[in-house]
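The feature transmembrane segment is assigned by TrEMBL to 44-67, 79-97, 103-122, 129-150, 156-177.
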């Protein structure tokens with residue numbers, strides 16, 4: 001289980017790095033407006049953005065199965081794992097086919113579903129963080145939709161949305177780091193003891 005947690009943390013880190021590759025625009029000449037053009041227009045500016053995003057999506061896709069091993073066997077834990085993998089798939093699709101109109105909304109939906117599942121999964125001490133994440137995710141999404149309809153400041157709010165999503169990943173990673181690793185070997189040891197006891201009786 002410790003190996004699964006290490007793998008999960010590494011995958012989350014890779015996914016976050018790929019998803020945050022848009023920050024490179026502050027150090028590169030892209031020709032994309034920070035205020036008026038959505039962040040996804042960077043895919044057309046430099047190939048490094050689509051490649052990094054695709055790699056990040058692949059990492060998030062594999063994060064789902066790794067999280068499945070650590071998450072509780074409840075619908076909320078399973079939903080979190082599925083939403084992370086779905087988010088990874090959407091990232092890979094969007095990086096490969098950036099002209100797809102519906103993909104950004106599916107990405108936002110996957111993040112919102114994941115945030116909602118954390119509200120039902122995390123214990124009371126962390127639930128406030130999950131609720132805050134959900135509220136921020138929904139507010140950021142609403143601002144993106146409003147700016148898109150208005151045709152103004154779409155660049156600002158799509159970048160804010162990515163920062164909110166990245167913050168949720170960081171908080172989720174912090175929860176994984178501090179959560180004790182489930183001890184599953186104990187059941188096996190008890191079963192082994194029973195087998196050994198039966199052998200001695202024979």
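A Cβ is built for glycine as well, from the same backbone N, Cα and C atoms used for every other residue.
Across 44-67, 79-97, 103-122, 129-150, stretch 129-150 shows the highest tally of CB pairs under 8 A with the transmembrane segment (156-177).
Listed as Cβ neighbours of the transmembrane segment (129-150) (distance under 8 Å, sequence separation of 6 or more from its ends, same chain) are residues 38, 104, 108, 111-112, 115-116, 118-119, 121-122, 156-158, 160-161, 164-165, 167-168, 171, 175.
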